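What Swiss-Prot says about this protein:
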BINDING   19-26, 63-67, 122-125  GTP binding site
LIPID     Gly2  N-myristoyl glycine
Amino acid sequence: MGSVSSRGHRAEAQVVMMGLDSAGKTTLLYRLKGYQLVETLPTVGFNVEPLEEPGHVSLTLWDVGGQSQLRASWKDHLEGTDILVYVLDSTDEARLPEAVAELREVLDDPSVASVPLLVLANKQEVPQALSLPEIRDRLGLQGFLGRSWDLRACSALTGAGLPEALESLRSLLKSCSLCMAR
């Protein structure tokens, strides 16, 4: 992978999306690309898609499989990451402790020590979905000192919250002084 760089007038950034299986990472990836709903299968390995953003930013989105047997390889995808996106299934309260533990393990990796984090609380269209304050409390996001982060509600199914998620992604990228200095 690479880092934020400027080739000509276009900045490039590597965005890695992680989260437990069935959180909706692949559906989010293709919705961000502008596709309507697509049928997805569990990701074995990863999916990679470019996303041209207004403002001369070219994003490469890496959607890394979240099945338990694939998580050991997550660290292989962290080197050169400019923004880490962690996708949560807001309706799966039973697996939230597992999701939190996996997120903390990723964030402990030295290669992403200063990398900004965007947490996407997916499946917010479901009435029983956890609220953002509930998710914030359970993740302990306030404890991420020294790291730029944001938490956004979204729905890969309806597309709700995705424009705001992209705006947050852009803001985090701009705030990343280490990224911009590369």
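Note: Cβ is positioned from N, Cα and C throughout, glycine not excepted.
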Per-residue Cβ crowding (10 Å cut-off), top of binding-site residues Gly19, Ser22, Lys25, Val64: Lys25
Coarse DSSP state, helix versus strand versus coil, of Val64 (GTP binding site): strand
Tertiary neighbours of Gln124 (GTP binding site) (same chain, Cβ under 8 Å, six or more apart): Ser90, Ala153, Cys154, Ser155, Ala160, Gly161
DSSP-derived structure type at Lys25 (GTP binding site), helix or strand or else coil: helix
